[in-house]
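A.B. asks: Straight out of TrEMBL:
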type     : residues                       : note
DOMAIN   : A:20-34                        : domain '4Fe-4S ferredoxin-type'
BINDING  : A:C22, A:C25, A:C28, A:C206    : [4Fe-4S] cluster 1 binding site
BINDING  : A:C32, A:C187, A:C190, A:C202  : [4Fe-4S] cluster 2 binding site
DOMAIN   : A:119-215                      : domain '4Fe-4S ferredoxin-type'
BINDING  : A:C128, A:C131, A:C136, A:C170 : [4Fe-4S] cluster 3 binding site
BINDING  : A:C140, A:C160, A:C163, A:C166 : [4Fe-4S] cluster 4 binding site
TRANSMEM : A:280-301                      : transmembrane segment
Amino acid sequence: MTSTGYSSPQARMGFFTDTSVCIGCKACEVACKEWNAVPAGDGPGTDAAAGMDLLGMSYDNTGGLDANTWRHVAFIEQHVPAAAEPSAPVQAGPATAEDLGMPTVGAPRQGDAQENAGVRWLMSSDVCKHCTHAACLDVCPTGALFRTEFDTVVVQEDICNGCGYCVPACPYGVIGKREGDGRAFKCTLCYDRLGSGLQPACATACPTESIQYGELDELRARAEARRRELHDAGVTEARLYGEDPDDGVGGDGAFFLLLDEPEVYGLPPDPVVTTRDLPAMWRMAALSAAGVVAALVGSLLGRR
Amino acid sequence: MSAEGRPDRTPVTTNDSYYGLPIVKEPAWQQPDVPLYLFLGGVAGVSASMAALARPLGRDALAKLGTVTAATGSVASLGALIHDLGRPARFLYMLRVFKPTSPLSVGSWILAPFSALASMSATSVLTGKFRTVGALAGAVAGILGPAMSTYTAVLLADTATPAWHEAYRELPVVFAGSAMTSAAGVALIALPKRDSAPVSRLAAVGATAELAAAHRLRTRLGIISETYRVGRAGSLLKAVEVLTGAGVALTATGRTSRIARALAGGAYLAAGLCTRFGVYAAGVASTRDPKYVVEPQRERRGRV
Ligand code: SF4
Ligand code: SF4
């Protein structure tokens, strides 16, 4: 029996997204849209009708994960002291760094007037975390959301009635309701590809192996090795996010190596599955219901 | 932010968020559908229990009114829920499984039978036919009533919406108290002086419980309490205090006057609506600013 309650010979599959090698090319976003036939547009902060928009957030024009964005590449532009600038992580990871011969496009230099100031870029491809304890799945009243044999979390489009409960339940703000369609959509971890032994579309398209697909146990070991490697190279800000099976969601099936605090990437620092407190919630509701009975009996039995 | 609601030209992120974008999603439900669904269900629940108690006590007018209110309220509540679905034609998918981890599933299994039973009972009361069946249906609806008036609090709390989740101890008391004052409000408007004493007592108990719990919402939830104090939610919850206070004062001083009773009843019902719209607004506000997600979670991790 696995921690997700599934008992099958199939190992748990997931993603390890190593953001230290992400070049922000958005191949994953495009490959995901192509394979899954996800419509354009309708990300947070975008003009839904236009479908594509310039958000003025660095090179990010998608904004965030939503019903129509299942992979989202975040572009973080930060002021950093000039001294810290050379620790751009791609160069810092010795063994894996490769000169891809890309044209030198870079974060705009804003520093000359401001003494010692520079700008660094962080790029990260975000995705549904396929939580071990998935709030979206727990609260779905129809059973449309289910856990697959790969221990991933998938919506069945023919069952979802668009109640929208999964949307505020997700502690990462991943799943969304699609305008015009009314149902909820999110990353399926390419459920339709896995069965045929293929990798998910995004992992296949990623040119730098920032997105790695595989057995979760193996990915966790690989991620820890990469974190150590970066620390040894002096990138001490490297940290894993979502890899801990003891965190508030029981660990993510899709986890990350980040180079700053999670909130900088738009990720919650300490997500907890809301249903963890559900027994306490029902207890409070039962107490209140008992209070209603007592109040009614007391009021109606009174004289006059 | 610029006039178009986009971030200003300098696209530099801060250490607290990703361009100030929300982390968790705003509830995907519509207003007024869902606040009305919460309000009507609450009134219907307490009314059914009130009717079930009033019948054996020989308070026939109260029993009849409670029965009819329960039926009308619950059918309207169900209507609002169905109207809010992305796929209303698939409402019955709510009943394809029973999922204790989903308060919306549990709630649907309370609401659907409740509205059927309440409608049977009301039909019997209004036509004078099938009295035994009608009385039995009314009694069972009366037993479900307290659950009707409180499950919606769990429904909201069982999300990642900070203002709702963190309020899981208070919300059931707020909703139960408000449902009692609103149900009493209907009776104060519709019934003669003879029945006003017990319902005034019920209203007083409900008002006390609700205002005490709402005060805790505004003071005990740390930074999240802000969302109950300011903005739309703050104004609505202030209005609840004023309206409920007016209702209590009017019933205490002017119970003999038909006009005073009607005004008090109206104030209670208006307060009940403001409660649901206010709590809803606080939830929305708590998702729009990522600090309500980030700060409590950082504190939890011991990072300030
Ligand atoms: S990240 Fe959100 S949508 Fe994905 S499995 Fe977890 S709770 Fe569900
Ligand atoms: S919107 Fe669909 S997937 Fe989400 S909780 Fe409702 S039925 Fe389940």
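Each Cβ is built from the backbone N, Cα and C atoms, and glycine gets one as well.
I'd like these features described in context: how deep, what's nearby, how far apart.
C.D. replies: In the predicted structure, the domain '4Fe-4S ferredoxin-type' (A:20-34) carries a mean pLDDT of 96.
Reduced to three states, the DSSP call for A:C25 ([4Fe-4S] cluster 1 binding site) is coil.
Under the DSSP three-state reduction, A:C190 ([4Fe-4S] cluster 2 binding site) is assigned to coil, being neither helix nor strand. Same-chain residues at least 6 positions away in sequence with a Cβ under 8 Å from that of A:C190 ([4Fe-4S] cluster 2 binding site) are, in sequence order, A:W35, A:N36, A:L198, A:Q199, A:P200, A:A201, A:C202.
Sequence-distant neighbours of A:C136 ([4Fe-4S] cluster 3 binding site): residues of the same chain at least 6 apart with a C-beta under 8 Å from its C-beta are A:L145, A:V153, A:C166, A:A169, A:C170, A:V174, A:I175, A:K186. Mapped onto three states, the DSSP output places A:C136 ([4Fe-4S] cluster 3 binding site) in helix.
Counting every protein chain shown, 32 other Cβ atoms lie within 10 Å of the Cβ of A:C163 ([4Fe-4S] cluster 4 binding site). Look at A:C163 ([4Fe-4S] cluster 4 binding site): DSSP puts it in coil.
Below 8 angstroms of C-beta separation, not one residue of the same chain at least six residues beyond the ends of the transmembrane segment (A:280-301) sits close to that stretch.
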A.B. asks: Restricting to the same chain and to residues at least six past its boundaries, which positions have a Cβ under 8 Å from a Cβ of the domain '4Fe-4S ferredoxin-type' (A:20-34)?
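C.D. replies: Same-chain residues near the domain '4Fe-4S ferredoxin-type' (A:20-34) but 6 or more away: 40, 59, 62, 69-73, 75, 89-90, 92-93, 96, 100, 102, 121, 123-125, 187, 201-211, 226, 230, 235, 238, 257, 259.
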A.B. asks: Filter the binding-site residues A:C136, A:C166, A:C170, A:C190, A:C202, A:C206 down to those with CB closer than 6 A to an atom of ligand 1; keep them in sequence order.
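C.D. replies: List returned for ligand 1: A:C136, A:C170.
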A.B. asks: Could you give the Cα-Cα distance between A:C128 ([4Fe-4S] cluster 3 binding site) and A:C28 ([4Fe-4S] cluster 1 binding site), in whole Å?
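C.D. replies: About 13 Å separates the two Cα atoms.
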A.B. asks: Please tell me which one of the binding-site residues listed here (A:C22, A:C32, A:C187, A:C206) sits closest to A:C140 ([4Fe-4S] cluster 4 binding site), measuring Cα to Cα?
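C.D. replies: Result for A:C140 ([4Fe-4S] cluster 4 binding site): the nearest of the binding-site residues is A:C187.
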A.B. asks: Of the binding-site residues A:C160, A:C166, A:C187, A:C190, A:C202, which ones put their CB under 6 Å from ligand 2?
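C.D. replies: The binding-site residues passing the 6 Å Cβ test are A:C160, A:C166.
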A.B. asks: Near the Cβ of A:C25 ([4Fe-4S] cluster 1 binding site), how many other Cβ atoms are there if near means within 10 Å?
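C.D. replies: A:C25 ([4Fe-4S] cluster 1 binding site) is surrounded by 17 other Cβ atoms within 10 Å.
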A.B. asks: Do the binding-site residues A:C136, A:C190, A:C202 include any whose Cβ comes within less than 8 Å of a Cβ in chain B, and which?
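C.D. replies: Nothing passes the 8 Å Cβ test.
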A.B. asks: If I restrict to non-local contacts, at least six residues apart, and a C-beta distance under 8 angstroms, what lies near A:C206 ([4Fe-4S] cluster 1 binding site) in its own chain?
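C.D. replies: The list for A:C206 ([4Fe-4S] cluster 1 binding site) reads A:A27, A:C28, A:S125, given in order along the sequence.
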